[in-house]
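Student: To start, I am sharing the structure in question, which I have written as structure tokens.
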Amino acid sequence: MVGLRMDISVLLEPLGFVKVLEWVLAIFVFATCGGFQGETALLVSCEGVVNKTVTAAFAYPFRLNTAVFSAPDPKGCGGTWTDICLMGDFSSSAHFFVALAALVFLYCVTALVVYIGYNHVYQQNNKFPLTDLAISVLIAFLWLVSTFVWAKALADIKVSTGASIVPGIESCKAPGTTCHFLSVTSMGILNVSVVFGLLNMILWAGNVWLVYKDTNLHSQWNRISESPTERV
């Protein structure tokens, strides 16, 4: 391939090493959020049923309004039990967060190919560092936005799958029917996904500075700042 010069020593330099970290963290975000599966469980007693566990399963992308609780018995508590869904659709926030991780993963792979195989071209043509700088600024901003949007959605998901849902279930208000919140799958892994989002934001903000130093903008600024001193 014309112009290809393999040099893996670039990975030991700050710019290459940080890009590898960004690549790994993007995978962690995708895995911790995109791979989640859980369920909410209630304990129901009604006509002909005593302490029956009913569950509603949910998973990424967290369209909770499609998660239906199983019926306590085939007769539906004597006809008083109707289909009950969890409340809320948080798919847009989850999709935004995971899609960004997927796109960042692909960009990191592309950037690493350029760094390792075409670093001489990258250093000689200022258009590449400037493009890299613009994309890095955009990605840092998107990590900031998507992480906080996802953190807010996660807080709402916890409320929509927790004990507070019981008072709003109409079937549980039927005469002779009692419902008690039993459990919900731990969302610790989703908390970790938010942490990874924050780490990505910090890492990409640092990456902006590393890329900036490779552009002619940095060298021009140095010349401007040194000029007054030289004249004195």
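Every residue, even glycine, has its Cβ placed from backbone N, Cα and C.
In case it's useful when we look at the structure, here is the feature table from TrEMBL:
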type	residues	note
DOMAIN	10-216	domain 'MARVEL'
TRANSMEM	96-118	transmembrane segment
TRANSMEM	130-151	transmembrane segment
TRANSMEM	189-212	transmembrane segment
Student: Could you give the residue numbers and ranges of same-chain residues that sit at least 6 residues beyond the transmembrane segment (96-118) on either side and whose C-beta is under 8 angstroms from one of its C-beta atoms?
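Tutor: Residues 1, 3-8, 10-11, 15-16, 19-20, 22-23, 26-27, 29-30, 33-34, 60-61, 128, 132, 135, 139, 142-143, 146-147, 149-150, 193, 197, 200.
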Student: Could you pull the average pLDDT for the domain 'MARVEL' (10-216)?
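Tutor: Averaged over the domain 'MARVEL' (10-216), per-residue pLDDT gives 91.
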